[in-house]
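Some features that Swiss-Prot has for this protein:
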| type | residues | note |
| --- | --- | --- |
| BINDING | Arg20, Glu79, Lys119, Lys445 | (6S)-5-formyl-5,6,7,8-tetrahydrofolate binding site |
| BINDING | Asn225, Ser244, Ile246, Thr249 | K(+) binding site |
| BINDING | 225-230, 244-250, 269-272 | GTP binding site |
| BINDING | Ser229, Thr250 | Mg(2+) binding site |
| DOMAIN | 215-371 | domain 'TrmE-type G' |
Amino acid sequence: METIFAQSSAFGKAGVAVFRISGPKSLEVLQLLTGRKDFKSRLMYYQQITFPESGELIDNAMVVYFKSPGSFTGEDVAEIYTHGSKAISIMLINALLNIPNIRLAEAGEFTKRAFLNNKFDLTAAEGIADLINAETIMQHRQAIRQAGGALEELYNNWREQLLQIISLLEAYIDFPDEDIPDSILNKVNNTHTNLINEISNYLNDNRRGELLNSGLKLAIIGPPNAGKSSLLNFLMQRDIAIVSNIAGTTRDIIEGHLDIGGYPIILQDTAGIREESSDIIEQEGIKRAINSAKTADIKIIMFDAEKLDSSINEGIIDLIDENTIIIINKIDLIEPSKIFLIEDKYKCLRVSIKNNIALNDILKNIENIAENMAGFTETPYITNQRHRHYLKQGLTYLKNFTLDNDLVLATEDIRMTVRCIGTITGVINVNEILGEIFKNFCIGK
């Protein structure tokens, strides 16, 4: 196995920069860079880091050696903690590149080696990647649970039950003349039925985990001049959309990302929807607005209080669903006692973006819907499409299984289900998917 290295921290100005070395030459590399021969495992040392050939000082740093298998990768590992300087990073990388039989690590290669050395399964490796990419508290909580082995435990539990079914069926196949109690077949049937129900229910999760990973798309729609762009600017806390009294100012979709209650939200401000427009560009904007609303996880439909009755049309009303927030804006311009027809059928928020009236109610409603769609449950949920694909495939094999068929063929259906689950966790040979998974890591991890 080759010895690899990389800067594990971000390249640039920082208090500390971290370099990781993994492989059989790790200790030798550390000795060459420091001139020190005796390193005890897991003990931190303060050392000068120099070019091995010239002796030129690179930095005064903290270094540590981890003897295999007690390291992140399971191999001999050395770590160097320098000052966070671009110049220091460049010099140390050059020094490492000049040492024979050591190379720069590929993206995710340290984590890949840890997986290959049985430090964790593939789901935990993916959890580490999600943890690095997490931008909100809820994304962090999901990732830390997965990195800690929660999905591995769930999938392995199903796999063990399936292996038990196989062992019972093989007893029937190998010893057909033996008097095996019917209770054994009853146990097979019960376990099989329970697993179908569990996996089916698990898949029927409305993509909660994937939504949390990728972000919930929120489309702001409504007639022209209702205050959609003003709402976007309020939510983003900066002016990213042009606000104007001229109808049709927003022509294309304007997007922004934010954190509401720990949930990642992808905001989309859209063109005002109206039935009559002779402007070809505005017509295309309206078409995109409607498409955005149809694919959104959450919708905010905004109306101008002064023009509400005249601006409601069937195209907008048809977009309302359980994850829609209806806002009546510019409420400061009408009598408080005025009741709108739409309020008889739908719950509406009365706000004034301009005068900061009831704006926190908007945030709370968004958070409530996000929590309902992607909030935590006791059972860890599917976090990416790879898991969902193989679980669906495994469930198909599981549903094909019946004791009325030839037992050898029936057992093969269970084996294929085991293989699908093993592909998720990495229990079986999954070389063809390792590159796809680990390429999404950063260099140094």
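Note: Cβ is positioned from N, Cα and C throughout, glycine not excepted.
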Ask   = Could you state the CA-to-CA distance between Lys228 (GTP binding site) and Glu79 ((6S)-5-formyl-5,6,7,8-tetrahydrofolate binding site) to the nearest Å?
value = 51
Query = When the number of other CB atoms within 10 A of each residue's CB is tallied over all shown chains, which of the binding-site residues Arg20, Lys119, Lys228 has the maximum?
reply = Lys228
Request  = Measure from the Cβ of Ser229 (Mg(2+) binding site) and count the other Cβ atoms within 10 Å, all protein chains considered.
outcome  = 24
Query = If you measure Glu79 ((6S)-5-formyl-5,6,7,8-tetrahydrofolate binding site) to Asn225 (K(+) binding site) at Cα, how many Å is it?
reply = 58
Ask   = DSSP on Lys119 ((6S)-5-formyl-5,6,7,8-tetrahydrofolate binding site), three-state: which is it?
value = coil
Cα separation, Ser229 (Mg(2+) binding site) to Arg20 ((6S)-5-formyl-5,6,7,8-tetrahydrofolate binding site) (Å, whole number) = 47
Inquiry  = Considering every residue in the domain 'TrmE-type G' (215-371), what is the mean pLDDT value?
reply    = 86
Key: Cα-to-Cα gap, Ala271 (GTP binding site) vs Ser229 (Mg(2+) binding site), nearest whole Å   = 9
